[in-house]
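Novice: Please read through the structure below; I'll follow up with questions.
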Amino acid sequence: MSAEFFSSKREEGSLASGPSFRSNQRKILNLLLERDASFSISSDLPTTPVEKKLFGDSANLSILSGGTPKRCLDLSNLSSGEMSATQLTASADLDETGHLESTGPEQVRLAGMNYRQHLIKCSPAQLFCSTPNALEHGRRKKDAICGSSANKENDNGNLVENEMKHLGSPITTVSKLHKNPELAEDQAEEISDELMEFSLEDQEKAKPPLNWSSLYRSSSLPDSLNSPSLKQVVKFKDSTIPDKLKKKYCSNQKELGKGLGLKKMVSLCDINMTQMLEEDSNQGPLIGDFSKVCALPTVSGKHQDLKYVNPETVAALLSGEFQGLIEKFYIIDCRYPYEYLGGHIQGALNLHSQEELYNFFLKKPIVPWDNQKRIVIVFHCEFSSERGPRMCRSLREEDRTLNQYPALYYPELYILKGGYRDFFPEYMELCEPQSYCPMHHQDHKAELLRCRNQSKAWEGERQLQEQIALLVKDVSP
């Protein structure tokens, strides 16, 4: 209805009486309410989205006034889902004479504007409806107002969304889930699945790779800093072996490993094997076949692979102090013949060439009559630095070739430390004749040259024979 209706009714009310006018007007109002369901007041001002939210799309209002409402409108026809919660209570206040307080359309517009501003500033108005649905919706609205602190962000979002749509803003918001519960559940499941996939991908990306640190290692860092060793000791609960037994078992295994290693090294290096066995025996150095301890006391010398004895030991040997252990001994003088004739130890044999040495000892090996006694050979030259040690090694090598390792014909070979030069001044009485002829004597230069050439020829022949023997072994199947 328009504002002209109110102006015409006001003119008729002035002619009629007060009570009759009031009853007639109420009937007309009820008829109009049943027909149109509400009074529509048109204002020149455009409605905002906030007003649409509060008043609804139709902006249904009763006659507005500044006083309290005196009649609750029956808005049962308007309770249709969404609009049932936006019904407002208002009635036209009449004065005692039956006249309306608002006398014109302008006052109605002003009253509507003031009431709209009042509703925007204040909390939502309480609704009085005649239908149970409206009452229930009003109760729900009241509960929602009580929890407005929790739902404030959602309400503000809805208001902003409606206002954007009214103003034609290009900014859009995220669409809500469908009102259909089945579709809403499907959408919720899809969203939850996507969120789970994103969370799993983030976790996988967040996990650092295990081996990338070694691939992208800085070359300036040392290996100990860049790739720390992570050692973890795993202890099993079911293990019933005590720690003491474990340590004992490990030590036994280590000792067994050492023993096996020693047996394996015998065929590789005689010197290392001899030194190890000597350290283990704690009784002294062993003889060449590793069966017994040396009968003569040894001292350190120039060559570590050979055993040295001092002049005192040789003198004791000559005097017969080792008869209980030694059945026979030989002192080999490796000097040249003119040196030997110039003075030598009592009972010494002059063998200055390898051929003579082999013929004497290896052509017919000397075997002791008593197996408990030994045969001892002592080599020496002027200083026991070259010729004596060379002859001793030569005899040992040839003896090895004739026997199966570690057996030897002559397992005990010694070197007189210091040679004849050191022995003669101390034990001149044990020398025959009691004199000393050096190798570089002026009277024996020609003889020295002849002996050297002869020794070189013998050495060349020996090397040639060894090469021939190696070739024969390689050719033979």
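For all residues, glycine too, the Cβ spot is worked out from N, Cα and C.
Below are the features listed in Swiss-Prot for this protein:
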type: REGION; residues: 1-20; note: region 'Disordered'
type: MOD_RES; residues: Ser20; note: phosphoserine
type: MOD_RES; residues: Ser38; note: phosphoserine
type: MOD_RES; residues: Ser58; note: phosphoserine
type: MOD_RES; residues: Ser62; note: phosphoserine
type: MOD_RES; residues: Ser65; note: phosphoserine
type: MOD_RES; residues: Ser123; note: phosphoserine
type: MOD_RES; residues: Ser130; note: phosphoserine
type: MOD_RES; residues: Thr131; note: phosphothreonine
type: MOD_RES; residues: Ser169; note: phosphoserine
type: MOD_RES; residues: Ser199; note: phosphoserine
type: MOD_RES; residues: Ser218; note: phosphoserine
type: DOMAIN; residues: 325-432; note: domain 'Rhodanese'
type: ACT_SITE; residues: Cys381; note: active site
type: MOD_RES; residues: Ser476; note: phosphoserine
Novice: Neighbour count, 10 Å Cβ-Cβ cut-off, for the residue listed as 'active site': what number do you get?
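Specialist: Counting Cβ neighbours of the residue listed as 'active site' within 10 Å gives 25.
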Novice: With DSSP as the reference, give the number of residues of the domain 'Rhodanese' (325-432) in helix, strand and coil.
Specialist: 41 helix, 26 strand, 41 coil
Novice: Find the average pLDDT over the domain 'Rhodanese' (325-432) in the predicted model and report it.
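Specialist: So the average pLDDT across the domain 'Rhodanese' (325-432) works out to 95.
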